[in-house]
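For 1-229, the entry in Swiss-Prot reads domain 'Peptidase S1'. The disulfide bond feature in Swiss-Prot is assigned to 7-141, 28-44, 76-236, 120-190, 152-169, 180-205; the stated evidence is sequence analysis. Marked as active site, charge relay system by Swiss-Prot on the basis of similarity to another entry: 43, 88, 184. What Swiss-Prot lists as N-linked glycosylation site is 81, 100.
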């Protein structure tokens, strides 16, 4: 996270970290949405990874931290054909449920779509420098604004993004606050609701007039609920 500060230890009980067991590298975030399921970005998928819940500092473990491995992973259309503007979403079933504790509690799915102009909070253990490989020991949090989708489309003509999309655009137009490498898959929380999954942005991060894109959770609710209910053939919205 660029331009943020250390998150309050109590404000991210639903935030999980995806990491590789050997190198202990945190490569993505995710959101616990109930005792057994985590929502993150499809591009965060790796062959072998673990999920750390209830974590704050990488160096000083919370007593109630839990580790899980993915039992099942679900993608849109049961394929990994996501693009920059579509279907960058992955639902992970944990190998065993987690109980609520001091630093672990799921975040409910949104009850209504977000509105442009909302203040949104982003969080993660990703880079805190736009240009250097500087990663914090604790998650950083910062507030950004929900922008018109066009503001993510116009600055990136090379991506040929479609006129409408199931992504949200969020950032600060003057730059300086943004998600960055390592924050992918983490939540975008607008007016207290879990509305987005960090998907992609510019490199270097946090440049003026280069906001980032987030998968729109609200548009995928039917798919998420169907998978959790056991209908594993469900497909994402077209």
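The backbone N, Cα and C atoms fix where each Cβ goes, and this holds for glycine too.
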Nearest recorded site to residue 44 (disulfide bond) by CA-CA distance, among recorded positions 76, 100, 120, 184: 184
Reduced DSSP assignment, residue 141 (disulfide bond): strand
Cβ neighbour count (within 10 Å, all chains shown) around residue 184 (active site, charge relay system): 25
Three-state secondary structure, residue 120 (disulfide bond) (per DSSP): strand
Count of other CB atoms lying within 10 Å of the CB belonging to residue 120 (disulfide bond): 23
Close recorded positions near residue 43 (active site, charge relay system), where close means Cα within 10 Å, chosen from 88, 100, 141, 169, 184: 88, 184
Recorded positions near residue 169 (disulfide bond) (Cα-Cα within 10 Å), from 76, 120, 184, 205: none
Disulfide-bonded residues listed as 7, 28, 152, 190, least Cβ neighbours within 10 Å: 7
Position of peak Cβ density within 10 Å, selected from the disulfide-bonded residues 44, 76: 76
Candidates 169, 205, 236: member of the disulfide-bonded residues with the richest Cβ shell (10 Å): 205
In sequence order, the recorded positions (76, 100, 205) whose C-alpha falls within 10 A of residue 28 (disulfide bond): none
Cβ packing number for residue 100 (N-linked glycosylation site), 10 Å threshold: 13
Residue 88 (active site, charge relay system) versus recorded positions 120, 184, 205 - nearest by Cα: 184
